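Okay, so here's the structure we're looking at.
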Amino acid sequence: LAPSVRKFCREVQQRTSALHCGHQHQTVHMASRSAVKDDGTGAEPTLMVNLGPDACNQLKRTLTFFDGFAFVIGSLIGAGLFVSPGYIYKSVGPIGTLVAWTISGLLALAGALCYSELATLLVSAGSESTYLKAAFGRVSAFCYVFMLFVVIGPGALAAITGVCAVYLVSGLAWAVPDTPLVIQLVSIGLVVFIAGVNLAGSSSSALLQRVLLYVKFLTVGAVLLSAVIHRSVATPARADVMSMGNLFDGLNWDFVVYAIMKAVFAFNGFQMLAPLSEEMLNPSRDVPRVFLAGISSVTGLGLLVIVSFMSVLEPNEMSTASLAAPFFSRIGGSSLCSVTSILIALCAAGSANAKLAGCTRVFYSAARDHLFPSPFGRVSSRGVPFVSIVACAAWAIVLQICVPNLDQVMNYFMIGQIIVFALVGAALIRLRFTMPAPRVYKVALYPVTPIAFTLACLFLVAYSLFDPNPSTATTSRYALLLTFAGLPIYFITTYCTKLVYYLRHRWTPTVGPNVPMT
């Protein structure tokens with residue numbers, strides 16, 4: 001019985017360490033153990049242990065359709081909706097801005113259709129890492145998770161909370177000094193607050209997202225209503241100047257691709273629903289509906305907001321980084337501008353919450369699949385990956401303190417994210433052949449949709465690599481190198497793991513034949 005007893009002790013130790021979540025140990029029910037079972041074949045008898053379901057390391061299914069819709073809208077309608085149109089307008093003019101936004105919306109819709117099929121076929125918190133692992137192997141999945149942890153996840157969280165802090169301090173300028181130190185402290189406080197909400201449970205983060213969703217709709221509604229009122233009271237001369245015919249002035253097609261890149265940045269984040277599919281009550285039904293409703297809503301609302309800005313602001317004001325400040329200053333003065341700054345800060349906070357909730361689930365799934373350190377796979381008693389949340393928030397704070405220009409970090413991660421989009425489209429095509437299982441949802445117009453999505457993403461990456469602007473081209477090339485930086489790390493860690501395993505088993509002393517020493 002000695003080998004069986006040792007095996008039982010090892011199983012209890014492993015299961016106990018897996019169930020330990022920092023707060024409690026799950027009790028091992030000794031009564032559920034059966035006696036030593038010998039099958040009569042002469043093999044070593046096994047001791048059957050039933051420790052119950054491993055509920056401590058499982059995410060809880062609590063998210064509904066509206067929660068998923070709030071996460072998609074929350075990740076898309078943020079500061080980017082009020083910042084990106086200014087850069088686009090400066091490059092391509094009025095009609096080019098509308099064209100670039102529409103093309104980006106269609107591109108995001110094609111990507112959402114691809115994600116819908118994959119998210120219903122492989123329901124996993126790993127999202128892209130799971131899809132890439134199933135299609136191209138573990139190496140591609142590790143490279144994605146490595147890039148997500150180093151730059152994409154914490155970098156996006158740091159940059160978005162930084163923008164949120166800028167708008168929040170600007171709105172509270174009467175009470176808070178507008179200095180770089182204050183902005184940095186506020187941004188760090190926002191990261192800590194959002195991480196705390198996520199640690200409280202997925203229901204708490206979903207509740208925050210629903211509340212901020214109403215704030216986003218309120219802000220967009222205020223922009224549209226203000227534009228309508230301003231147009232109705234404008235003088236005839238002003239109304240003639242702001243006629244829709246002037247939208248076609250200043251079109252420069254040479255910069256359309258650059259404008260589309262800026263618009264794609266505004267649409268980045270729709271994929272954050274995929275990591276949450278494992279926590280949705282009915283992912284097969286709700287994931288495609290949420291993607292379609294979210295992308296369509298953001299595309300339509302974005303076009304209305306851009307037209308509203310154009311109908312009120314002068315061309316030189318449209319070329320500024322932030323359009324909301326001059327827009328509401330013209331409508332209601334400085335007091336209304338302060339209120340709007342606070343509303344935009346809350347919109348950005350919703351985007352940061354969605355980013356943190358999405359990327360930490362990927363780390364959890366990667367650790368569960370042995371692609372990342374095992375502590376990232378630990379789940380708290382509230383059903384959230386608390387180690388992943390704490391690590392991502394801590395790394396975001398480090399980036400806020402150590403990296404002075406977070407826009408550069410965002411440029412790095414944007415190129416890497418577009419590369420991942422292209423790989424996801426290619427993974428969908430490959431899995432149609434290697435995994436021909438019945439699908440709950442199939443992408444429309446297959447194979448045109450995934451092929452067009454993949455080629456469009458590859459074109460944007462190629463354009464950025466050979467951009468006429470040397471700074472943009474250099475940034476894109478560094479981003480491409482960073483994307484594949486996980487390759488040597490993967491092979492080094494894999495080799496070291498195998499070497500340690502070999503040495504441990506090669507030099508383990510034994511007592512008798514094939515019996516390890518206790």
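Keep in mind that glycine also has a Cβ here, set from the backbone N, Cα and C atoms.
Computed from a predicted structure; not experimentally measured.
Listed features, source TrEMBL:
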TRANSMEM  68-88  transmembrane segment
TRANSMEM  100-123  transmembrane segment
TRANSMEM  144-169  transmembrane segment
TRANSMEM  181-199  transmembrane segment
TRANSMEM  211-230  transmembrane segment
TRANSMEM  250-270  transmembrane segment
TRANSMEM  290-311  transmembrane segment
TRANSMEM  331-352  transmembrane segment
TRANSMEM  384-406  transmembrane segment
TRANSMEM  412-431  transmembrane segment
TRANSMEM  443-466  transmembrane segment
TRANSMEM  478-497  transmembrane segment
Candidates 144-169, 181-199, 331-352; stretch with most C-beta pairs under 8 Å toward the transmembrane segment (68-88): 331-352
Contact between the transmembrane segment (331-352) and the transmembrane segment (443-466) (3 or more Cβ pairs under 8 Å, separation 6+): no
Contacting positions for the transmembrane segment (478-497) when only residues 6+ beyond its ends and CB under 8 Å are counted: 138-139, 142-147, 150-151, 411-416, 419, 461, 465
Contact between the transmembrane segment (144-169) and the transmembrane segment (290-311) (3 or more Cβ pairs under 8 Å, separation 6+): no
Interface-richest range of 100-123, 181-199, 384-406 toward the transmembrane segment (290-311), CB pairs under 8 Å: 100-123
Top partner of the transmembrane segment (412-431) among 100-123, 181-199, 384-406, 443-466 - counted as Cβ pairs under 8 Å: 443-466
Intrachain residues whose Cβ lies under 8 Å of the transmembrane segment (181-199), provided they are six or more past its termini: 157-158, 161-162, 164-166, 168-169, 205, 208, 349, 352-353, 356-357, 360, 380, 382, 384, 386, 389-390, 392-393, 396-397, 400-401
Tertiary contacts of the transmembrane segment (384-406) (same chain, 6+ residues out, Cβ under 8 Å): 21-22, 59, 149, 153-155, 157-159, 161-162, 184, 187-188, 191-192, 194-195, 198-202, 356, 359-361, 363-364, 367, 375-378
